[in-house]
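If you check TrEMBL, you get these features:
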SIGNAL    1-25  signal peptide
SITE      R70  site 'Transition state stabilizer'
ACT_SITE  H74  active site, proton acceptor
BINDING   D75, V78, G80, D82, S84, E96  Ca(2+) 1 binding site
BINDING   H203  heme b binding site
BINDING   T204, D246, T249, D254  Ca(2+) 2 binding site
Amino acid sequence: MGISKSFFVASLSLLLAVLASTGEGSHQPVVMPVAMELSAKYYRKTCPNVQNAVRTVMEHRLDMAPAVLRLFFHDCFVNGCDASVLLNRTDTMESEKDAEPANTSLAGFDVIDEIKSVLEHDCPATVSCADILALASRDAVALLGGPRWSVPLGRMDSRQASKAAAEDANNLPNPNSDLGELLRVFETHGLDARDFTALSGAHTVGKAHSCDNYRDRVYGDHNIDPSFAALRRRSCEQGRGEAPFDEQTPMRFDNKYYQDLLHRRGLLTSDQELYTHGGEVTSELVELYAKSRKAFFADFARAMVKMGEIRPPEWIPVEVRLNCGMVNN
C-alpha cells in the first residue's frame, strides 16, 4: 500500500516541530502536541550541561529548596507537569500564583528564573521550564540530604494557566481534608495510597506560612499531643503563625516527619490523618517509614518520578518558553 502525499507532509511537519523544540533544528520555539516520551537522556545532545547547571544554582539557593519542591507538586497537580504554575497574570489570563490559599505561600519562582537564564545562555530555546522544575525539585531533595533519582525529561511548557483549576479542591489537597478526600485527590492524578503516603513525606522540610493552615488542628482536634498543640497555638498568637512541618529537622530531608506522626505531632490535619485514620494501608506505611529511612527514600523517589509523568490534557497548547513567567510571542 502506497503512502499518501498528505500523510508524508503531516509526518514531516511533526518531525520538524520535534527537532525545533529539542534544539536539533531552529531555535525558535514551537507549539506542538504533548505525546512525547520522557527520557533521562532527552538533552544529551542538545544541552548536555543541563543537570550541572540546575544543580549549581540550587546549591547556591538551598534556602529555597523546600519552596521549589512545593512548586513542583502544585504544578503537576493542576493540569499536569507543564510549568503553568510559573506563568504571570496578564490582561487575558489569570495566574495560578494568585489562586487561594496558595497565593500567600508559593515561592521559589526567582530560583527557576535564575536557572532558566543560565540555560538560555548555554542552550537557547531548548530546555523547558517544566523540566527545570522537575530537575530542581530532585536536587532540592538531594541537597537537603534526601534521595537522588534519575529524572525523565522532555516535558513541554503550557501556553496557559488556570487559576480556577488551582483552586479546585479536586486537584490540590486541602490541609484540613480527611484521609478519604486526600486519597481521592491523589487517585484522580493516578497516584495510589503508597504514593500518597510517601509524597506526604515532603513535609519533612519546609513550613506552613500561616496559622490558617493548622488552626483547626491545634484549637479543635483532640488527637494531638497537648504540649505540641500549646506550642503551635503560641505560634498563632504571636505573629503570622509560621511553623515547621517537621519540628525536629525542618531543613533536613529525613524520616523525622513520620516519627512526629507516631507521637501525634503532625502539624496539619492532612498530615496526621495518614496515621490516625490510615487503617492497614497508610498507618502501616507511616510506621515503616518512621523506622526505615531507606524504605521511605526508595518509595519517595519512585513516587516523584510517577508524579512527574502526569501529562497536561491534549487540548492544552505547549511550547518551550524563553521566559518561564510568560508565553512566547
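Just so you know, glycine gets a Cβ as well, placed from its N, Cα and C.
Around the Cβ of D82 (Ca(2+) 1 binding site), a 10 Å sphere holds 29 further Cβ atoms from the protein chains shown. With a cut-off of 8 Å between CB atoms and residues at least 6 apart in sequence, the same chain places F245, D246, Y257, L267, L268, D271 near H203 (heme b binding site), listed in sequence order. Ranking the recorded positions R70, H74, T204, T249, D254 by Cα distance from G80 (Ca(2+) 1 binding site) puts H74 first. For E96 (Ca(2+) 1 binding site), the nearest of the recorded positions H74, T204, T249 in terms of C-alpha separation is H74. A straight line from the CA of S84 (Ca(2+) 1 binding site) to the CA of T249 (Ca(2+) 2 binding site) spans 31 Å. Cβ atoms within 8 Å of the centroid of the Cβ atoms of T204, D246, T249, D254 (the Ca(2+) 2 site) belong to the same-chain residues V205, Q248, P250, R252, F253, N255, K256, Y257, site residues excluded.
Comparing Cβ neighbour counts within 10 Å across the binding-site residues D75, E96, D246, D254, the minimum falls on D254. A straight line from the CA of D82 (Ca(2+) 1 binding site) to the CA of T249 (Ca(2+) 2 binding site) spans 31 Å. With T249 (Ca(2+) 2 binding site) as the anchor, the candidate recorded positions are R70, H74, D75, V78, and the one with the nearest CA is R70. Across the structure, D254 (Ca(2+) 2 binding site) and H74 (active site, proton acceptor) place their CA atoms 22 angstrom apart. Take the binding-site residues S84, T204, T249: by the count of other Cβ atoms within 10 Å of each Cβ, the lowest one is T249.
When the recorded positions R70, H74, D75, V78 are ranked by how far their Cα is from the Cα of T204 (Ca(2+) 2 binding site), R70 comes first.
R70 (site 'Transition state stabilizer') is surrounded by 22 other CB atoms, counting those within 10 A of its CB over all protein chains shown.
Spatially close to V78 (Ca(2+) 1 binding site) yet at least six residues away along the chain are S84, V85, E96, S162, A165, A166, N171, L172, judged by Cβ distances under 8 angstroms.
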